[in-house]
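Below you'll find the structure, written out as structure tokens, and then a few comments.
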Amino acid sequence: MPSGIRPIDVLLERAGVRGHQRAPSDSKEFHEVTKRDALRLLEHDVDRLLETTEKARQPALKAEMGRFADLFGRFIQEEGPALDWNKIQKLPENAVMNYSNLKSPQNEQNEIRNMLDKLVVIKLNGGLGTSMGCHGPKSVIPVRSDLTFLDLTVQQIEHLNKTYDANVPLVLMNSFNTDEDTEKIVRKYKGFRVQIHTFNQSCFPRISREHYLPVAKDFDVEKDMEAWYPPGHGDFYDTFRNSGLLKKFIEEGREYCFLSNIDNLGATVDLNILNKLVGEERATTPVEFVMEVTDKTRADVKGGTLIQMENKLRLLEIAQVPPEHVDDFKSVKTFKFFNTNNIWANLAAIDRVLRERTLNMEIIVNNKTLENGTRVIQLETAVGAAMKCFDGAIGINVPRSRFLPVKKSSDLLLVMSNLYTLKNGSLVMSPQRMFPTTPLVKLGENHFSKVKEFLGRFANIPDIIELDHLTVSGDVTFGRGVSLRGTVIIIANHGDRIDIPAGAILENKIVSGNMRILDH
């Protein structure tokens, strides 16, 4: 929502009351009536949508739409996204543990197997590959040696299960965008030693920015995909419970889930963290929720951070920050950590907060414009925002290697390069790299943003073991066996083209202008 515009302002306008009119728009009672009216109109419209679907589906969809109406009801009650900055407390010393202080489990097969049999691995698999120019779920983009995100995940878990004779299941949270394709793809893993379960997150209607009612005409999602959206990964808790999987895993004696984005190639099962939760290092008071955080760099200033507020540890996202404090939020000195979205949560505690209805996550308002020009909003929540609802929640400051997301082609360049080797589905940084940080890579949007286009510009991926910083802009191609070291900047201006020749070694160089290599 544009800054300064509150839900109530739009509702008042809908009710025919403009800002310059005085009473009764200033009265608290009038505001409350207007809010109730908005919720009633929305619920009426949702009921109309429900009537357009077959009777057999209506009970399940009615429960889902009930959750949507609850979210909308909370949204119109809120006065704005900003929190009271003055209520932020200093992080207690024990709030964030250092990963290096965790103890490894004794390397006994039975002990580690018992720990693993208390674990469920969950991957957030709702996203499409469209931003990288790919069709279908993002998880099926090849990222290394023709292996996809999903292939690597299955390899990792199968390796654990085989090594320790364990039975760690993999659960994929799909969205209506990815479910059908994912169901077809997971069949190929039938012979692997991994039990794979899937469930769908909710499908909520986008609402018009003008009148706060759903833009969908009926419940045929396939017919008008733009009218619907998956409401963020905070939807995990409800839909995981409703799928029956939460109950199933608790009854099997499992205690924790490890949840992460499927495109974070650093988010592997960590036995040291698991040892802290269910092994010999487990605390007498259970740790119900762990958020893996890592040191913030200047590249991460917009990422969510951990704060203490009202004596609870909680996630603070940039959308909640008052405008006058955005620079404070971005400060690496003030807020040293950022959220990797690698979450460990106690299954019984998830069940409890859902039963007691104490789950409360801040609403993220996402403004979109549809292809036909309609301005809509979608209401979302983030899985980490539930942290404050759990007892004994902590952060663990993990190495940067546990945060290796692939969001852009520049990330793809890193994970495809000789910076990493592949071992049992996990990427391991090359011992030849002298320092643990990854290079900062910026590739021009116009020529490198789509995967196919990106791959077509490299005869093979350059050697970047000694690279610190790479910026490439414009029409640039790379020959075979190129080596990039230190800081390299390559700029081809509009109309120019630069071909980096095969075998070239560029160390602390700026290349600009026009350089063509032609066959003769």
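In case you wondered, yes, glycine gets a Cβ from its N, Cα and C as well.
Quick look at what TrEMBL lists:
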BINDING   K138, Q201, G232, D263, K407  UTP binding site
BINDING   H233  substrate binding site
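Taking a C-beta cut-off of under 8 angstroms and a sequence separation of 6 or more, D263 (UTP binding site) has the following same-chain neighbours: G127, K138, S139, F149, P405, V406, K407. Cβ environment of H233 (substrate binding site): L124, G126, M173, Q201, N341, T381, A382, V383 lie under 8 Å away, each six or more residues apart in the same chain. For G232 (UTP binding site), the same-chain residues 6+ apart in sequence whose C-beta sits under 8 angstroms from its C-beta are I364, E380, T381, A382, V383. In the structure shown, the C-beta of K138 has more C-beta neighbours within 10 angstroms than that of any other entry among the binding-site residues K138, K407. Binding residues for UTP (K138, Q201, G232, D263, K407) extend across at most 21 Å, taking the greatest CA-CA distance.
For Q201 (UTP binding site), the number of other Cβ atoms no farther than 10 Å from its own Cβ, over all displayed protein chains, is 25.
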